[in-house]
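Trainee: Can you read through this structure? Questions will come right after.
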């Protein structure tokens with residue numbers, strides 16, 4: 001029963017992170033509408049204003065998700081890493097045992113669990129980086145100066161990294177995932193050396 005709850009919480013968290021990514025993708029598409037200089041200055045200004053409002057909603061949603069799930073994700077990551085280290089240690093120590101396949105399978109499941117968080121959060125970071133490029137690719141030079149000034153302010157705000165964290169300690173990203181794995185394998189190596197003595 002606990003396993004089903006963990007899977008449900010993981011799915012909820014990852015889907016909420018993915019919703020942020022999809023909103024950023026939609027925002028990038030809206031900004032790409034501004035590439036055409038056939039629009040009037042007023043229409044372009046209204047589209048940009050709607051994009052800014054959408055971006056502010058995305059930022060608020062991200063902050064709410066982060067504040068709600070920051071500590072539960074920290075606990076879950078900590079427990080998952082502890083279990084990963086212990087099962088990885090068992091996989092090294094147990095040779096020829098009947099349950100070794102289950103131990104390897106369990107390690108793979110935990111790796112997939114951690115990877116899904118990091119991958120989707122990394123995708124959010126990448127989509128957010130594209131906002132500045134999409135803003136620059138608009139036909140800003142064809143419109144009046146107030147449009148350009150507001151676009152510059154939007155692009156400066158969009159340069160702020162949009163990240164999710166594990167309890168505020170480290171960012172969820174692919175770099176963070178490789179760091180998690182390297183620290184886990186280091187812990188397994190320490191346990192193996194202690195076991196060998």
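Glycine is no exception: its Cβ is also placed from the backbone N, Cα and C atoms.
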Trainee: Per TrEMBL, which of 42-67, 68-93, 146-171 is transmembrane segment?
Mentor: 68-93
Trainee: Can you dig out which of the ranges 11-32, 99-120 TrEMBL describes as transmembrane segment?
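Mentor: Among 11-32, 99-120, the range TrEMBL annotates as transmembrane segment is 99-120.
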